[in-house]
Amino acid sequence: MKKLGILNRDIARVLASLGHTDQIVIADCGLPIPSNVECIDLSIRLGVPNFVDVLTEVLADMEVELMMAATEVRTESPSIHQELENRQISIRYLPHDELKAETSKAKAIIRTGECAPYANVILRAGVIF
């Protein structure tokens with residue numbers, strides 16, 4: 001049995017398969033999921049698990065060179081915005097509609113139970129060397 005890191009087998013598999021510049025998404029429970037992208041649905045009920053907890057665990061296991069978030073998160077969900085800013089990773093902000101379009105390029109979308117507005121982030125894989 002695995003002792004450390006992410007126990008969810010689907011998330012662990014996706015993270016292990018990422019190459020440089022591949023993307024995954026951590027999403028709130030309302031983000032539309034493109035039909036061509038794998039959805040790893042963690043949602044149990046509204047708010048569980050929350051966006052920040054999932055983001056924290058994924059970032060502990062993944063080298064990220066860039067995060068992409070909706071411009072609207074700055075004003076509509078300031079606490080989520082602050083959590084993103086606290087990560088010391090470059091962030092590119094784009095309008096929510098553009099962010100949604102960009103999710104079709106992701107290897108997977110991890111759906112949380114988060115219900116804060118615009119609590120979505122695209123993580124672009126970096127390299128560990």
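Glycine too: its Cβ is placed from the backbone N, Cα and C atoms.
The active site, proton donor annotation in Swiss-Prot covers His20. Per Swiss-Prot, substrate binding site is recorded for Asp28, His96, Tyr118, Ala119, Asn120.
Comparing the recorded positions His20, His96 on other C-beta atoms within 10 angstroms of each C-beta gives the minimum for His20.
For Tyr118 (substrate binding site), the Cβ neighbour count at a 10 Å cut-off comes to 21, with all displayed protein chains included. Around Asp28 (substrate binding site), a 10 Å sphere centred on its CB holds 21 further CB atoms from the protein chains shown. Other than the site residues Asp28, His96, Tyr118, Ala119, Asn120, same-chain residues with C-beta atoms no more than 8 angstroms from the centre of those residues' C-beta atoms, the substrate site, are Ala27, Gly30, Leu31, Ala69, Ala70, Glu72, Val73, Ser77, Ile80, Leu99, Ala116, Pro117, Val121.
The two recorded residues, Asn120 (substrate binding site) and His20 (active site, proton donor), show a Cα separation of 21 Å.
Note: Ala119 (substrate binding site) has non-local neighbours Ala27, Asp28, Phe51, Val73, Ser77, Ile80, Thr112, i.e. same-chain residues 6+ apart with C-beta under 8 A of its own C-beta. Between the C-alpha atoms of His20 (active site, proton donor) and His96 (substrate binding site), the distance comes to 24 Å.
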